[in-house]
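Trainee: OK, Swiss-Prot features for this one:
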- K37: site 'Transition state stabilizer' (SITE)
- G72, G73, R94, N196: substrate binding site (BINDING)
- K256: site 'Transition state stabilizer' (SITE)
Amino acid sequence: MSESPDLSQIAPTLKAEILAEALPYIRQYHGKTVVIKYGGNAMTEERLKQGFARDVILLKLVGINPVIVHGGGPQIDQALKKIGKQGTFIQGMRVTDEETMEVVEWVLGGEVQQDIVTLINHFGGHAVGLTGKDGGLIHARKLLMPDRDNPGQYIDIGQVGEVEAINPAVVKALQDDAFIPVISPIGFGEDGLSYNINADLVAGKLAVVLNAEKLVMMTNIPGVMDKEGTLLTDLSAREIDALFADGTISGGMLPKISSALDAAKSGVRSVHIIDGRIEHSVLLEILTEQPFGTMIRSH
């Protein structure tokens, strides 16, 4: 992948054109909420981490309200490895026993979240970290995974949850006070247990509840790819169903695309899957005309 251009080497007239191109998008999204699922290489490479932090701050400064939901799979895997555990996945979901849940809470709600918050604040933003347990944000219930080999049967994958309800009051309060919420996808159940929830699913549900104008999901590939490796730039619900059926969409992309499609069907006006390995990909998607990643449509 080529390095991003040095802005100091760009001609002043071109810089002006870039800024002018952003104006209609700033107007369109001014005062609106944009939910960003932050994950993949963008969370682990220092250059990309810093670029993301600056992007989010810029969005806030021009009147757009970013809400970040982060993952942390590689960091969880690394922490599990240190205690001699191997991560196991079924249909893109992490099997989470009690010991793994303790690691997930520590890594997501501590190390990863605070790294994001610290970096945003370092560059002049005002970020606040939350888990879904804070302020009663995410009510969860145990997820029972359908067994594809045995119709009607379910697989118990431990303390893995699905979103039962979202109470957005704490997020809205932070937005009203000009803070940037950074949310770890950990919910609480009526049984008193903590639940590990797929970050893509949380981002999609949160976008709907917050009446977000846009949902952006960052990943480590250019977008949704066909079996030949060609980027699919625009997908309807019918096309997505076909890609599920023939196995083109599989593994970790299953919950991501399902969540994106559900959000589009539930009223989120613009839903995109983008390549987080590209520096400033969030700004490119939101504030320019450049086609980027895969757009998910409800029809």
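Glycine is treated like the rest: Cβ placed from N, Cα and C.
Can you walk me through where each of these features ends up in the structure?
Mentor: Cβ-based neighbour count (10 Å, all protein chains) for K37 (site 'Transition state stabilizer') stands at 30. Reduced to three states, the DSSP call for K37 (site 'Transition state stabilizer') is strand.
According to DSSP, N196 (substrate binding site) is assigned to a strand segment.
Under the three-state DSSP scheme, K256 (site 'Transition state stabilizer') falls in the helix class. If you draw a 10 Å sphere around the CB of K256 (site 'Transition state stabilizer'), it holds 25 other CB atoms from the protein chains shown.
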Trainee: Would you pick out, from the binding-site residues G72, G73, the residue whose Cβ has the largest number of other Cβ atoms within 10 Å?
Mentor: G72
Trainee: For R94 (substrate binding site), write down the residues of its own chain that are at least 6 apart in sequence and whose Cβ falls under 8 Å from its Cβ; none is a fine answer.
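Mentor: Set apart from R94 (substrate binding site) by at least 6 residues yet with Cβ under 8 Å, we have G73, I76, G87, T88, T100, V104, I157, V160, N196.
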Trainee: DSSP three-state call for G72 (substrate binding site): helix, strand or coil?
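Mentor: Coil, per DSSP.
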Trainee: To the nearest Å, how far is the Cα of G72 (substrate binding site) from the Cα of K37 (site 'Transition state stabilizer')?
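Mentor: Cα to Cα, G72 (substrate binding site) and K37 (site 'Transition state stabilizer') are separated by 11 Å.
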